[in-house]
Amino acid sequence: QHITWTPLLVLGYLFYLLLGAMVFQLLEKQAETHFRDQFQLEKLKFLQNYTCLDRKALEQFVQVLMEAWEKGVNPEGNSTNPSNWDFSNSFFFAGTVVTTIGYGNLSPSTVAGQIFCVFYALFGVPLNLAFLNQLGKGLNAHLLTLERWVQKPGRAQVKLAIFLTTGTLLFLVFPPLVFSYVEGWSYGEGFYFTFITLSTIGFGDYVVGTNPNKHYIPVYRSLTAIWIVFGLAWLALVFNVGADLMERFLQLKWHKSDLSLTEGATTKLEDEPEQPRIHIPS
């Protein structure tokens with residue numbers, strides 16, 4: 001009987017999610033509690049230093065700050081901060097919509113903008129997928145298919161290694177150096193932003209071009225959007241190769257298990273002496 005690996009894949013997927021949840025809780029919950037307590041302490045100190053304010057007024061001001069942040073207005077700086085909706089920033093936002101990155105630090109606040117965003121994404125996401133598919137074919141033009149690579153290893157392995165190495169340098173290694181220089185991040189933070197962006201996870205905790213204390217060239221975010229598109233195509237190919245290899249590994253593993261079970265059953269039947277056949281009349 002053929003053993004399917006699909007249920008095992010589902011169980012492994014759920015286990016991976018549960019494992020991630022436990023590890024993230026272990027790593028982050030204590031730090032969150034510390035930051036929350038520290039924030040409450042800072043509010044108490046603020047009230048003690050400015051006795052003309054009461055707790056209710058402070059909480060209202062904190063609410064105003066939160067609403068401003070949710071609408072993409074950085075509370076730091078003043079009214080001279082550059083607009084989040086100039087052409088360069090709007091181009092960057094449009095890119096995060098169609099690529100489904102969705103950082104969450106900026107979103108339409110008008111009803112007309114929200115309705116347009118829905119229909120823009122409705123047609124833009126399939127268009128982006130079609131574009132990335134064609135771009136991926138272009139990047140993959142000099143590579144053999146994965147099936148031929150597995151069956152006939154040779155020059156294709158060298159091509160695949162060059163493809164992975166070049167892409168890693170262009171999209172994962174060098175860009176964090178630029179972001180670290182421009183944004184003032186560490187290299188680790190730049191690398192984190194790079195991978196979270198190109199994988200379309202897009203938490204929004206790090207976003208380029210949002211520091212009000214820095215002066216960015218006008219096309220900075222537009223160039224970043226173009227880099228994101230090509231990086232998405234490359235990383236999508238890498239993920240597809242990884243997924244294909246994982247499926248092949250699982251299928252091969254369970255195919256071997258099927259063969260061993262079949263051979264074991266055959267051997268057992270051969271070892272057993274032939275039983276007398278009893279005719280039961282109808």
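For all residues, glycine too, the Cβ spot is worked out from N, Cα and C.
Record features, source TrEMBL:
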DOMAIN    80-137  domain 'Potassium channel'
DOMAIN    169-247  domain 'Potassium channel'
CARBOHYD  Asn78  N-linked glycosylation site
TRANSMEM  6-27  transmembrane segment
TRANSMEM  87-106  transmembrane segment
TRANSMEM  112-132  transmembrane segment
TRANSMEM  158-178  transmembrane segment
TRANSMEM  190-208  transmembrane segment
TRANSMEM  220-243  transmembrane segment
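If you look at the transmembrane segment (190-208), the same-chain residues 6 or more away from its ends with a CB under 8 A from one of its CBs are 96, 99-105, 171-172, 175-180, 182-183, 220-221, 224, 228, 231-232, 234-235, 239. In terms of C-beta pairs under 8 Å, the stretch of 112-132, 158-178, 220-243 lying closest in packing to the transmembrane segment (87-106) is 220-243.
Under DSSP, residues within the domain 'Potassium channel' (80-137) fall into helix, strand and coil as 39 helix, 0 strand, 19 coil. Summarised by DSSP class, the composition of the domain 'Potassium channel' (169-247) is 55 helix, 0 strand, 24 coil.
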